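Enquirer: Let me give you the structure first, and then I'll get to my questions.
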């Protein structure tokens, strides 16, 4: 139905527009076609009268209705010049915005038509230029003139809101007429023409809770005391209608979601009047007993609740805190409970709002109370000592078995079980004490020394006889009382020095004492000399009565040559009962001093050396000794390096004097002599290669005439003779010559490592074991492989 209504309205608007258009065209024709011939006379140079024609256009604005959908182009208007006689010699030309595309002109009649549908919301007006020219010469007959074609509006645009959906908040229980939000719509139609853009607002949904102002679009509350707890969100539909809201106007709608914000208009309320809770007597302070909660339908800070205890016999035993995350009151234990003493407690708990709105104080009071009953449950408790800790005293050096003290514990339960005691041996590793398991008496096992350990801190366990898992522990501190069992001694290892020229009664050292005993058995110390040396002629002692003593020289003149060291015994007594004393020896050295009493030397031998040799003489003696030692060492070294005689006797082996060869020989059996041709394996020339380890068939006998006399001293003849024998002896190796061996011989047990001629040798040795020696011997294994291997390769 709405679409049908819109179509009818559109047809009516078109009809109305056509009427307005016809009226406008009639007016335009009357105005535009009215001739205006105005002239102006001027005198020319030759007396001619020149006529200058004034522009003959009569203009008003042209109008064309928008959204015209007729079959023919719309006639906008007609252009006519007063010089147009109707003979067709004038040509009208149109230019400007939309000329030739939207607007076309009949160049003979001057009629202007709109060929396209126009939309005022896209463009409200067009500026065009018209000109009349001669049709034949195109000469302008009139100056060009501008005119405006305005697009006349029709109501073709419905109102549109700035947002499709709006969201707004308003406090609950607001007064009637409270402004919530303003919605605004706009209409694209011409606000200066008719009522096409005149909007009126109305509410379609949301009554009777809200209303809207027709002209401004402001939404206001329409009902008092709207409760958020009853309904929090409302959906309102607002309509904006043009044409002043009259029938036939176009409309648009928007949705507004209105949320009621919370105010503190509800007090907290407990859902029940009494809460029952229970707690074990074994619970520790701070442990949670239970929770209570007062319900408040408000939210946020308006719903915050604080809990407190107002009254009850358990105010001293319990406390309550607020859990702001869950809005619960947490009842906690404040002190230890005892089931045997009191079995139940009662509390009066209050829940109150933290933030109260004064505007709603009349809805109060914003608090509520509830009764909390707490019952104490019996628990199997461990034994309890009568004291939290014990302190005992015992004298040091007391005999074993001395009673130190007694601890006592009891079972707090109604059963009152028997208790057994024991010492935590981790606290008494040396086992100084023992405890009676039945009565808790603590005794010593061995003597105690206060100077070693002044305090013993042990722990005692108490357990129930029938329930070993229930135990208690208490600390016991045992003080070892001091007795005077240590004599005082020197506070340090004193060593005094006295000058040879010291004066009588001159003080040269002050001593003090130390006592391991307690201060009651220590100072004041008394210093004295033993009775047997009280009349000592050398030194005397003076007690300073401040736990120190001074040693003085009794006579003048000491000599280091006669006596350089004195030992002075000193008796030190303490102030204990009974007093203890000890004899300490003070070492006193006699030293040489200058006139001011400053020490120079305390060595008695220095004077003895002065009487004999000087320091320079001692240095000279030491230097001579060192030189003698150096000479002896050089002589021994030269003696060892002395050369052997060069003459070699006949019975000596000449090989002992031959230098060591760096060359490889023929092996262990290479003892046969051969000349340089032998090195080239001469046996192979004849095709017979004898084994070198076979002795020759004959023995070479040296010529008698060539051997020199045994006692001959001609070394040169001796050497030449031996060389000649060696060269001619085929059985002797050339010991006296250095040879480079190309052929090393055969038959050595150890074998030869040379690779020369290895592949062609007839040796019977088997080198297959080289294959098992690893990669480092792979090359040798390849060179000295088995015979079969060589045959295969060939």
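Glycine too: its Cβ is placed from the backbone N, Cα and C atoms.
Just lifted these from TrEMBL, have a look:
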type	residues	note
SIGNAL	1-24	signal peptide
DOMAIN	81-161	domain 'Cadherin'
DOMAIN	162-270	domain 'Cadherin'
DOMAIN	271-385	domain 'Cadherin'
DOMAIN	386-490	domain 'Cadherin'
DOMAIN	490-607	domain 'Cadherin'
TRANSMEM	617-638	transmembrane segment
Enquirer: State the non-local partners of the transmembrane segment (617-638) in its own chain: residues 6+ outside its ends, Cβ under 8 Å from one of its Cβ atoms.
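Expert: Sequence-remote neighbours of the transmembrane segment (617-638) do not exist; the answer is none.
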Enquirer: I'd like to know the mean pLDDT over the domain 'Cadherin' (490-607).
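Expert: Value for the domain 'Cadherin' (490-607), mean pLDDT as a whole number: 85.
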Enquirer: Based on DSSP, tally up the residues of the domain 'Cadherin' (490-607) by helix, strand and coil.
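Expert: Tallying H, G and I as helix, E and B as strand, the rest coil: 9 helix, 53 strand, 56 coil.
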